């Protein structure tokens with residue numbers, strides 16, 4: 001029986017230059033694997049707790065030495081000797097060990113690092129790719145990437161309110177062709193921005209951060225880039241938004257669009273989305289309303305839920321209980337999947353299974369603070385999520401995931417690229 005022999009955590013850096021955890025697990029056959037935990041910038045208030053040191057003399061208070069120590073002492077002590085390939089049991093032990101609903105004691109960053117590293121070590125020991133270990137024989141589907149090519153909101157220092165403007169290459173037969181087309185659009189967009197004397201500096205997720213004066217200009221220039229690159233707008237490549245509305249709302253559920261000097265209530269904002277969807281081939285809107293505006297979400301879902309994908313990120317925070325509430329209230333029709341929002345691989349799996357059971361789409365997602373770790377690429381294929389958000393075709397921490405998906409596609413001798421089939425069920 002393969003058991004856990006050793007566990008260790010190290011403070012390393014993420015793509016924003018902030019510290020994060022690298023956890024390593026050694027098994028009884030001396031197989032070793034590591035995992036690096038990501039970190040978000042715009043976070044939902046109900047996310048599991050990311051434990052930081054708050055020691056202002058180190059990393060401006062963002063150190064993770066306490067979380068590392070939790071791995072190297074408490075977690076290590078209680079997990080050594082447990083069966084390695086029983087992921088659910090080990091993850092449940094981690095939850096019990098912490099004793100809080102949101103990992104406030106050990107830190108979700110400490111717990112997730114160990115959970116990820118254990119899965120990777122177990123797969124390695126069994127000589128299986130991670131996607132095959134986690135997903136079994138059914139792990140065959142390559143996800144449609146949602147590439148964030150213009151950044152705004154908290155991901156960029158500009159006047160654009162919406163956090164992410166994305167392209168979705170739906171009209172292609174393979175992942176590699178979809179990615180190639182996306183890269184070509186990205187480079188074409190850069191030339192167009194240069195021609196408009198716009199900055200082509202990039203945000204946290206590799207998208208450009210031009211200083212446009214309103215939230216419509218990015219849709220216009222991206223549409224131009226798609227067509228100039230030689231692709232059919234809406235047919236081969238569609239558009240998607242992550243509004244991150246929780247960053248725009250006040251205590252009265254009024255939404256402040258500073259780039260356009262507008263203050264809108266929930267119904268007015270939904271009307272604005274309807275105008276955009278009518279004018280542009282937008283197939284998905286994420287966090288269209290605040291995580292606390294459930295009444296507004298119900299209206300948004302009623303007005304647009306049969307027409308486009310409505311993704312809950314801050315709304316659900318990868319939490320099965322919150323997703324169940326959304327299902328019961330007919331709110332949204334898709335859930336963003338971020339393992340570090342909930343804490344362990346097993347809890348993430350629970351949320352994905354619940355979503356699939358109720359015909360909610362699943363979007364595997366990175367965080368704005370990432371690393372070279374490509375775990376979510378395997379995870380997306382393992383669970384056939386059908387979609388993945390992992391930034392633009394720039395910045396190596398984003399490219400690491402795309403390159404891993406290209407490897408997986410090659411290993412699967414093509415696999416299945418879901419493409420246009422993604423939204424056909426609805």
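Yeah, the Cβs are placed from backbone N, Cα and C, and that goes for glycine too.
Now, the feature entries from Swiss-Prot:
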type	residues	note
ACT_SITE	205	active site, proton donor
ACT_SITE	338	active site, proton acceptor
BINDING	163, 338, 367, 368, 389	(2R)-2-phosphoglycerate binding site
BINDING	242, 286, 313	Mg(2+) binding site
| remark: Simplified DSSP label at residue 242 (Mg(2+) binding site) comes out strand
| For the binding-site residues 163, 368, the one whose C-beta sees the most other C-beta atoms within 10 angstroms | 163
| message | Here's one to test understanding: among the recorded positions 242, 313, 338, 368, whose C-alpha is closest in space to the C-alpha of the residue listed as 'active site, proton donor'? | response | 368
| query | Can you check what DSSP calls residue 367 ((2R)-2-phosphoglycerate binding site), collapsed to helix, strand or coil? | reply | coil
| request: Report the nearest neighbour of residue 338 (active site, proton acceptor) in space among the binding-site residues 163, 286, 367, 368, comparing Cα positions. | output: 367
| field | Rounded Cα separation (Å) that holds between residue 368 ((2R)-2-phosphoglycerate binding site) and residue 242 (Mg(2+) binding site) | value | 13
| said: Using only C-alpha positions, which one of 163, 367, 389 is spatially nearest residue 242 (Mg(2+) binding site)? These are the binding-site residues in the record. | reply: 163
